[in-house]
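According to Swiss-Prot, the protein has these features:
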COMPBIAS  1-21  compositional bias 'Low complexity'
REGION    1-59  region 'Disordered'
TOPO_DOM  1-88  topological domain 'Cytoplasmic'
MOD_RES   SER21  phosphoserine
MOD_RES   SER23  phosphoserine
COMPBIAS  43-59  compositional bias 'Basic and acidic residues'
TRANSMEM  89-109  transmembrane segment
TOPO_DOM  110-119  topological domain 'Extracellular'
TRANSMEM  120-143  transmembrane segment
TOPO_DOM  144-159  topological domain 'Cytoplasmic'
TRANSMEM  160-181  transmembrane segment
TOPO_DOM  182-193  topological domain 'Extracellular'
TRANSMEM  194-217  transmembrane segment
TOPO_DOM  218-225  topological domain 'Cytoplasmic'
TRANSMEM  226-248  transmembrane segment
TOPO_DOM  249-295  topological domain 'Extracellular'
TRANSMEM  296-312  transmembrane segment
TOPO_DOM  313-338  topological domain 'Cytoplasmic'
TRANSMEM  339-358  transmembrane segment
TOPO_DOM  359-372  topological domain 'Extracellular'
TRANSMEM  373-395  transmembrane segment
TOPO_DOM  396-413  topological domain 'Cytoplasmic'
TRANSMEM  414-435  transmembrane segment
TOPO_DOM  436-446  topological domain 'Extracellular'
TRANSMEM  447-469  transmembrane segment
TOPO_DOM  470-529  topological domain 'Cytoplasmic'
TRANSMEM  530-547  transmembrane segment
TOPO_DOM  548-566  topological domain 'Extracellular'
TRANSMEM  567-589  transmembrane segment
TOPO_DOM  590-596  topological domain 'Cytoplasmic'
Amino acid sequence: MGRGARAAAAQSRWGRASRASVSPGRTIRSAPAVGEAQETEAAPEKENRVDVGAEERAAATRPRQKSWLVRHFSLLLRRDRQAQKAGQLFSGLLALNVVFLGGAFICSMIFNKVAVTLGDVWILLATLKVLSLLWLLYYVASTTRRPHAVLYQDPHAGPLWVRGSLVLFGSCTFCLNIFRVGYDVSHIRCKSQLDLVFSVIEMVFIGVQTWVLWKHCKDCVRVQTNFTRCGLMLTLATNLLLWVLAVTNDSMHREIEAELGILMEKSTGNETNTCLCLNATACEAFRRGFLMLYPFSTEYCLICCAVLFVMWKNVGRHVAPHMGAHPATAPFHLHGAIFGPLLGLLVLLAGVCVFVLFQIEASGPAIACQYFTLYYAFYVAVLPTMSLACLAGTAIHGLEERELDTVKNPTRSLDVVLLMGAALGQMGIAYFSIVAIVAKRPHELLNRLILAYSLLLILQHIAQNLFIIEGLHRRPLWETVPEGLAGKQEAEPPRRGSLLELGQGLQRASLAYIHSYSHLNWKRRALKEISLFLILCNITLWMMPAFGIHPEFENGLEKDFYGYQIWFAIVNFGLPLGVFYRMHSVGGLVEVYLGA
């Protein structure tokens with residue numbers, strides 16, 4: 001009975017609810033419940049859609065899985081870079097240890113000549129030369145002939161002026177050893193035969209090294225990289241030790257001076273030594289040749305070190321194919337400049353006159369004071385002019401529209417380092433001269449000229465370095481020259497003609513030169529004038545110390561102040577660097593001229 005009553009009550013409630021839903025004017029209470037049910041059913045679908053979108057976004061941001069080939073190739077590249085760094089580190093440590101060992105021998109010879117003699121140092125250097133010589137021959141005969149050994153060449157390495165200087169100084173060093181052999185043979189009664197052996201080994205080493213560096217200085221070796229790096233560093237360390245020995249060893253100079261003193265005593269009838277040359281004329285030629293060519297040996301060692309370092313950096317290097325497709329620099333054409341070459345030629349002519357007069361006077365027993373005055377007066381006139389030209393060029397660089405070349409360039413970085421490092425040679429001599437003059441006799445005319453020369457030399461080096469480095473970091477204008485114009489000019493073949501046509505062609509060429517000069521931008525024109533003027537001035541200042549004019553050592557002021565051996569080491573350290581600086585400056589100024 002109770003269950004039936006509950007069922008009837010439920011039916012009655014359902015009936016009332018249905019009547020309320022259909023009666024007009026009443027609020028529908030059941031509709032929200034239906035909507036809530038629909039929203040409840042749609043909520044899982046929305047959550048599913050949100051989860052799918054989040055998964056898609058996560059999949060888009062998640063790094064893609066690389067294929068096995070890409071991962072394997074990346075691993076090989078990383079291993080190759082690590083192996084290259086390890087090879088560079090090991091070869092650098094090898095060179096460092098060889099230099100320290102040789103430096104210890106040379107310092108021991110200087111400070112304790114009884115325990116370590118010059119012969120011991122020569123034995124060590126001869127061993128290093130033989131090892132380097134064997135590696136050079138192996139490199140040419142085996143390494144470079146292997147398949148895919150040299151696939152690329154660095155177009156910026158080994159420019160023509162570097163290779164030309166290498167051959168020039170190598171030839172002078174070879175002749176220096178010939179003079180040394182002749183001098184030793186003429187004194188064979190009191191000379192060790194080992195000296196002849198050492199000179200012959202050095203001649204063979206210089207000849208082979210010059211030939212290999214001339215031929216292979218641009219190589220980017222891809223096989224036997226570690227062995228090649230070690231061989232290059234061993235050869236570099238050998239050249240560096242030869243330079244250190246040439247700077248510090250004054251035994252040959254002292255021997256020549258002692259022999260000249262003996263000859264003077266013999267002429268007065270007080271002969272005390274029988275170890276004299278039998279042929280006086282030949283010995284005089286050997287002595288003069290040795291003293292004149294001695295600075296070239298140090299310059300040769302420095303250039304070899306620079307070339308070997310570039311080759312060491314290029315081992316295992318991959319050069320992009322487009323780097324060798326076009327020339328690294330524009331062809332050199334002398335146009336757009338008139339006054340700079342004229343002033344430079346005047347400086348060159350005056351420098352040749354001073355050089356000839358000084359050399360003629362130096363052939364006598366003593367050099368008169370007026371020739372030192374003439375030499376330093378020439379420098380005091382030229383150096384401030386060069387400094388002003390460099391400062392003007394640096395200011396014009398700041399006004400130019402050309403962009404800075406910010407692309408990483410190892411060759412340009414090495415050029416800047418060599419330029420700054422080579423400038424330390426002459427600047428060091430200048431600072432030592434300033435101290436000696438101020439401490440002794442600053443009131444004499446010659447000493448005042450030397451003081452002014454030293455100060456102006458320091459200023460000129462600083463100004464010229466600023467000008468060259470600023471020019472090297474500017475983007476060259478020849479890179480943006482339209483190729484169609486160049487192709488159009490090159491497309492016209494040369495043709496023969498009569499003398500009348502030749503004269504008309506020369507007239508047109510001169511008119512075109514004047515036209516191009518008048519239509520050049522004034523900034524470009526000024527840079528071309530300054531660059532050509534500085535090129536000729538640096539050639540003049542390179543020629544005078546390179547071919548035997550060394551007033552820094554002959555005037556006697558600094559030699560008396562510091563002592564013979566110390567001043568000998570200072571001059572032989574600074575003069576070769578100074579000659580190398582002038583040469584390197586000419587190369588940098590040519591690039592600045594071409595870039596303008």
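Start at 1 and count along the chain as shown; that gives each residue its number.
Including glycine, each Cβ sits where the backbone N, Cα and C put it.
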Legend entry - Among the ranges 89-109, 160-181, 339-358, 414-435, 567-589, the one whose Cβ pairs under 8 Å to the transmembrane segment (530-547) are most numerous: 339-358
Legend entry - the topological domain 'Cytoplasmic' (218-225) - residue tally per DSSP class, helix then strand then coil: 1 helix, 3 strand, 4 coil
Inset, instruction - Look at every Cβ pair spanning the transmembrane segment (89-109) and the transmembrane segment (194-217), keep those 6 or more apart in sequence, and say whether at least 3 of them are under 8 Å. - result: no
Legend entry - Counts by DSSP class (helix H/G/I, strand E/B, coil) across the topological domain 'Extracellular' (110-119): 4 helix, 0 strand, 6 coil
Inset, instruction - Output the single range from 120-143, 226-248, 296-312, 373-395, 447-469 maximising the number of Cβ pairs under 8 Å to the transmembrane segment (194-217). - result: 120-143
Legend entry - Residue numbers, six or more beyond the limits of the topological domain 'Cytoplasmic' (218-225), whose CB comes under 8 Å of its CB atoms: 83-84, 87, 143-144, 146, 148-155, 157-158, 311, 314-319
